[in-house]
Amino acid sequence: MSPPAGGAAAAADPASPVVLLAVQAAVRLLGAGHEDEAQLRKLQLKADPERPGRFRLGLLGIEPGAVSLEWPLESICYTIRGPNQHELQPPPGGPGTFSVHFLNSEEAQQWAALVRDATAEGQNGNDSTAPVPTPAMCPTSPPCSSVTPTPKATQPEMDLPQGSGNLKKEELATHLAQAIAGGDEKAAAQVAAILAQHHVALNVQLLEAWFPRGPIRLQVTVEDATSVLSSSSSAHVSLQIHPHCSIAALQEQVFSEFGFPPAVQRWVIGRCLCMPERSLASYGVSQDGDPAFLYLLSAPREVSGHSPQHSKMDRKLGCLFPQSLELPHNLQASSSSLPSPPQPGWSCPSCTFINASNRPGCEMCSTQRPCAWDPLTATST
């Protein structure tokens, strides 16, 4: 793109000491088609070395190959559309009006104040002794003709960028996190709108600092749902965990320490059947000694017999529940030929806990009793 009329290519030395302020914003041409994507650009205001008391506004490219533009400040029309939304109209013959969307509300306010002061200073004449405005100056002077704030009643809705090809998604995500942490609702909403418009997939998680401190000891009652002695096949273990860990991470820890695959684990904490993606803290785990229940379900067996994984699991079950291995040999032999005794109550379809027959819901996870379960039929069998 060639430099617009009344302007010139930006200076090659961005570290010049005359630069007053440089900020980043998402910039695109208004009136262009949707194929014209917003680009992350740097807005720069500096003193004009050839004209004391005057200033130049630059629109600098950040990515390799991007064209940088620059105009005398008095030759452009700069309009403030909203807290984070501005418009920049170069002199006639230029590329057209630019939509400028700031990612940071504080930078937007600082930039607008500096442009107002610099414009007012430039209108006072070419006096070389005039003070140069700084970013710390307050916008006490009234808006000049070339920096026009839009009245609140007529402010249009935020003009979001139409593309995401040149937007740095990681920077936008960082700005979103900073805005939320700083309590800046407007900035957070605007950045979130840009990310949502371009369907950017995010993984929003709390920082570990917001969780209770760890590690702590979780007291786990393990129930073996596969044992014929289900009423007495329980064991107690202590696990060292962090409250910010997810249930999925806890399942992997149990798999690593005891060999029980996550597929056979059902965790119940605080009378809730735990979901893998939620944290332990979300179920109230915060201090040493907090209780949890782990139910071990029966895993599907291969047609050819036990797999090495099942053999390992059986050995671990034997260590946790030694009483199941101390049955008399004749009882073990007869148990295979005799039908199993009827289970009192009904089995929860979610956590497999055996509930009393008169309970309408599961005592552990509050799941409703299956409608198909009939206490008379269960007793007769």
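Glycine is no exception: its Cβ is also placed from the backbone N, Cα and C atoms.
Features of the protein shown, as given by Swiss-Prot:
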COMPBIAS  121-131  compositional bias 'Polar residues'
DOMAIN    216-285  domain 'Ubiquitin-like'
MOD_RES   Ser307  phosphoserine
REGION    1-177  region 'Self-association'
REGION    172-305  region 'Interaction with SHANK1'
ZN_FING   342-371  zinc finger
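With DSSP classes pooled into helix, strand and coil, the tally for the region 'Interaction with SHANK1' (172-305) is 44 helix, 35 strand, 55 coil. Note on the zinc finger (342-371): DSSP counts are 0 helix, 6 strand, 24 coil.
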